[in-house]
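Novice: Residues or ranges marked as domain 'Radical SAM core' by Swiss-Prot: 73-308. The [4Fe-4S] cluster binding site feature in Swiss-Prot is assigned to Cys91, Cys95, Cys98. Feature annotation from Swiss-Prot assigns [2Fe-2S] cluster binding site to Cys136, Cys173, Cys233, Arg303; the stated evidence is sequence analysis.
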Amino acid sequence: MVATPLPPTQSPRHPSLQELSLSELQTWLDELAERIITGETLDRATAIALTEIEGEEKILALCAAADRVRQACCGNTVDLCSIVNIKSGNCSENCSFCAQSAHHPGQDSPIYGMKTPEDILAQARAAAAAGAKRFCLVSQGRGPKYNSPKSTEFEQILATVRAIIAETNIKPCCALGEVTPEQAQALKEAGVSRYNHNLESSENFFPEVATTHSWRDRVETIKTLKAAGIQACTGGILGLGESWQDRVDLALALRELEVESVPLNLLNPRAGTLLGEQSKLDPFTALKAIAIFRLILPQQIIRYAGGREAVMGELQALGLKAGINAMLVGHYLTTMGQPPEQDHAMLAGLGLQGGEAPIPGEYVRASQVREL
């Protein structure tokens, strides 16, 4: 099916969405969800118009429309993954939010070299026991592309990936930074099927995030990985100080790149970083953003990532009714997550089940087969 853009929401005959009554807005959103489910794409003007929606009741109406799209396009399986910080601290990059950057001397993040394959394998087994289906090896630094010729770290990572495949039932992923085409191919051959490399924010806002590398550097890395046949796990962070236009433009860039998985981190400010005094997002602002991402990316895996506990608090479950269909379980890179048992109980209470969610197109194709 060839996707066609949705018509703009605003015209001389159509008021701002915020001017609609709740019932009028619900009707409009129901129609919007149905058009997206049947294959139309959300254009930028309509997405920007959705950002005008304010007030808890109206935001929940937006979430309900996004949840309808999620159910139709992705089903009720919530993709569960876990991560391990295999090398921490003293990072060369100056990302404003990150406690691992050597540019933020006031932070107190742990600093250690590459973990042993045995340590990583033990954590992979623990992640599998907690219900995770994927396990991502995350390392600080700009990436293996810039490793010293004498470094053996990349080869050690490849060996660890092979060991995880041989000795567990969990799928290994990596988040190592920039890679060459040859390194991407080596990761693919070792068994890495998905790689995390976030855009963090829009191209326009990115200079506020980091200046030691560019947004385009990140895009090129994603293209290199996809050219090697590796799925892209690519998203960003909400709450860096970006505008609503930046959030929409990030989602549109992810759609253009055809990424498979979209982790949405909610900034949990870390002391000693440039954003250490930044206010956390309001939970309903986060919900609105999640819902808009789902409407722009109807078939993508959209993942609750870092900061969900700190930002959403008791409203975490609402994210799973606003378009989220994946979660990172266990601990994060430098902060603690909630116990996996609590996550599984939350899913069960919503009638959802943890597992491995389909990549874009798979669930729709499966549904079409079932209807024949």
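We count from 1, first residue shown onward.
Using N, Cα and C of the backbone, Cβ positions are placed for all residues, glycine too.
Tell me what's around each of these sites.
Specialist: DSSP assigns Cys95 ([4Fe-4S] cluster binding site) to coil in the three-state reduction, placing it in neither a helix nor a strand.
Following the DSSP three-state reduction, the secondary structure of Cys173 ([2Fe-2S] cluster binding site) is strand. Packing around Cys173 ([2Fe-2S] cluster binding site) is summarised by its Cβ count: 25 other Cβ atoms lie within 10 angstroms of its Cβ, all protein chains included.
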Novice: CB neighbours of Cys136 ([2Fe-2S] cluster binding site) within 10 A?
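Specialist: Other Cβ atoms found within 10 Å: 25.
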Novice: Enumerate the residues of the same chain, Cys136, Cys173, Cys233, Arg303 excluded, that satisfy the criterion Cβ within 8 A of the mean position of the Cβ atoms of the recorded [2Fe-2S] cluster site; list them in sequence order.
Specialist: Cys81, Ile83, Arg134, Ala175, Arg194, Tyr195, Asn196, Ser261, Pro263, Leu328
Novice: Using a Cβ-Cβ cut-off under 8 angstroms and a sequence gap of six or more, which residues of the chain neighbour Cys91 ([4Fe-4S] cluster binding site)?
Specialist: Cys98, Gln100, Ser101, Ala102, Gln140, Gly141
Novice: Could you tell me the C-alpha distance between Cys173 ([2Fe-2S] cluster binding site) and Cys95 ([4Fe-4S] cluster binding site) in angstrom, no decimals?
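Specialist: So the Cα of Cys95 ([4Fe-4S] cluster binding site) lies 22 Å away from that of Cys173 ([2Fe-2S] cluster binding site).
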Novice: Centre the Cβ atoms of Cys91, Cys95, Cys98, go out 8 Å, and tell me which other residues of that chain have a Cβ in range of the [4Fe-4S] cluster site.
Specialist: Glu93, Asn94, Phe97, Ala99, Gln100, Ser101, His103, His104, Gln140, Ala210
Novice: Of all the binding-site residues here, Cys95, Cys98, Cys233, which one's CB has the most other CB atoms within 10 A?
Specialist: Cys233
Novice: Rounded to a whole angstrom, what is the C-alpha distance between Cys95 ([4Fe-4S] cluster binding site) and Arg303 ([2Fe-2S] cluster binding site)?
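Specialist: About 21 Å separate the Cα atoms of these two residues.
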